[in-house]
Ligand code: FAD
């Protein structure tokens, strides 16, 4: 009897766990996705042609493909694999492990900018939304107006994304402490739970649901018309094919790509005036693909023996990354894991965010530093032949000498908005899968440095608020100099450190700068593409993604990049069909 009631109890428990685990989880089985086929399968359908060929199934590429497929035949080519069934992508607690995966098929491809900052770019269907920290926050009205976007359509496009992939967080203790600390430090008013970009402190949305399961831009493909939408994985586009005829602009007519076996494939547009190749390969991938395909500064192209299709001086120029600096705060007990949920938006254009507790799960890599850690996203994602051996050795040595307690804690992060320092992207070779050389010139402009110092001072104020010091009695015991010292020692960029790093906030900023992965630019509006994202000087070719931005939207960009995919899809349909577009 006892056994049998125990069995019933056990079954109920399993059932309840199942309900909890399955809540809000749209996996490939429950979503009505189009088939996700390997690129080699394309040879069987070689004679097909498409109204739109989209290069890059990322943050903007997926919503764009889904929307265009409502009326037209779309081919979506993604160089990475499927996000479904990959636990490192799907679960918040594995955020760091995903970034640390350096296998050739990893969803994350590491690179080091020439500034010495370790960075990552996505290589998977769903793009950056599969490997990011999940925070969701819209752009402000000013950004929308400066972009020349139709505000009504923008206000329809954000909710289209939100109802499919965005959730409110169950706010974690570290994030709640930051929220209260920000308010006590004067970053006010409190704007509650909001997607809007408004001065003060707020809790934003997240693409992780209440069970910690990640919803990505790939899920948006379920909103498309499967009969019109063909998605190929491991399809790495290495050239846009142009028709060149005298007296006419170069016209994109198709693309050349490699399949998962290294086989060469070609796909072509339907011969209609309005068919297009749309490049949505991200801020690194899009300028890189234009250059490899012969669109860029003549001198840069000839250096790599690339035939010039169009001399376009600004391709790869104006690359920016929002510098981020972080202060590590030790705690008595390891705090619960959290990625960004709270943000302080200061009037000085400095955003304060936080992460915590990535050192204690069973799967965790020993002693790592959460969002900033070498193990999670940075040093270990880099193929060994690209690492500076000396830097790795020094890092390991420093880290081993740190007391274990310093790995129990969280970070407060300061990111500066709209950096005035910019850089560029140039090719290393003509392989679309290798990394180009990217330079961001962090803090070259004195105003960027001034704002970083303001951010670190704001963090110091938060540390000394009653709320925060009650929450972290251990961390609050440390003077700022000691906290900065710990943060410098744990920092994993390849920039040489100085003895005054913990006493000069300026030096701290310069020496410990890392990325929050919001890099953008390389195909700016008005320079490489026009207001409608058509590549200037060509026909049948657009670029639609974060490479077209000259500043990163909102506090964090993914909301606007996904919105932009939907927005441009609807806009293109309306341009062609008017009211009959019906979207
Ligand atoms: P992507 O989403 O990167 O899409 C480009 C796609 O094109 C990729 O899937 C790539 O594989 C594919 N591709 C590239 N080249 C080719 C080719 N030649 N052939 C075929 N396919 C190709 N933003 C937030 O708002 N909140 C956050 O919390 C946040 N955290 C982040 C954390 C990390 C670790 C990272 C990396 C980013 C984070 N971001 C965050 C930033 C945000 O995710 C990106 O800005 C955004 O996803 C970029 O979108 P995109 O469409 O421009 O590029």
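Keep in mind that glycine also has a Cβ here, set from the backbone N, Cα and C atoms.
Heads up, TrEMBL stuff is auto-annotated, nobody curated it.
Taken verbatim from TrEMBL:
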- 59, 60, 78, 79, 124, 237, 517, 518, 546, 557, 558: FAD binding site (BINDING)
- 452-509: disulfide bond (DISULFID)
- 282-296: domain 'Glucose-methanol-choline oxidoreductase N-terminal' (DOMAIN)
- 1-24: signal peptide (SIGNAL)
My understanding is the cutoff is Cβ-Cβ under 8 Å with a sequence separation of 6 or more in the same chain; which residues meet that for residue 517 (FAD binding site)?
119, 120, 128, 132
Compile a sequence-ordered list of residues in the same chain as residue 509 (disulfide bond), six or more apart from it, whose Cβ lies below 8 A from its Cβ; state 'none' when nothing qualifies.
323, 325, 443, 449, 452, 453, 456
Once near-sequence residues are set aside, which residues in the chain of residue 558 (FAD binding site), 6 or more away, have Cβ atoms under 8 Å from its Cβ?
59, 128, 129, 132, 135, 136, 207
Whole-number mean of pLDDT values that fall within the domain 'Glucose-methanol-choline oxidoreductase N-terminal' (282-296):
98
Structural state census, the domain 'Glucose-methanol-choline oxidoreductase N-terminal' (282-296) (DSSP three-state):
11 helix, 2 strand, 2 coil
What whole-number distance in angstrom separates the two most remote CA atoms of the FAD-binding residues 59, 60, 78, 79, 124, 237, 517, 518, 546, 557, 558?
25
Using Cβ atoms only, which residues of the same chain lie under 8 Å from residue 124 (FAD binding site) while being at least 6 residues apart in sequence?
78, 80, 81, 82, 83, 86, 89, 107, 130, 131
Taking DSSP as the reference, which of helix, strand or coil describes residue 124 (FAD binding site)?
strand
